[in-house]
Amino acid sequence: MRTLWIMAVLLVGVDGGLWQFENMIIKVVKKSGILSYSAYGCYCGWGGRGKPKDATDRCCFVHDCCYGKVTGCNPKLGKYTYSWNNGDIVCEGDGPCKEVCECDRAAAICFRDNLDTYDRNKYWRYPASNCQEDSEPC
């Protein structure tokens, strides 16, 4: 619960970055990113280390790697522009935050495509002590 409370506090009044990612997940996956992915496996949520535990956790690993390559825009705060076109996310504009939009888009689609691996009973609030293996490179 503490993690959810912290995330809720951080997102209050925010209309870019993580809030846009949350809205994208809701639209694509039909579930809340905060309630479903903020503390899942070794990589979903703040930080991340070890080996991804399933395909859903790997979505978060790849998303973290993608954020790590972004320059000129804070992925957690930067605002980007996107729209929906025939059920697809379209990242718009040419600014540096478009990279963040593309990272978020790929993660939302990855979550949707791997819903069959999502195991809340096994990996929700997964102990960090179980994520001690060496991380693979991005």
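One is the number of the first residue shown, and numbering goes on along the chain from there.
Glycine too: its Cβ is placed from the backbone N, Cα and C atoms.
Residues Y43, G45, G47 are given by Swiss-Prot as Ca(2+) binders; from D54, D64, that same site also lists D64. Of the listed cysteines (C60, C65, C66), only C60 is recorded by Swiss-Prot as the disulfide partner of C44. Only one of C131, C138 is recorded by Swiss-Prot as the disulfide partner of C65: C138. For C73, the partner cysteine in a disulfide bond according to Swiss-Prot, taken from C59, C91, C97, is C97. Ranked by CA distance from C65 (disulfide bond), the recorded positions C42, G45, G47, C73, C103 have C103 at the top as the closest.
In three-state terms derived from DSSP, C65 (disulfide bond) belongs to a helical segment.
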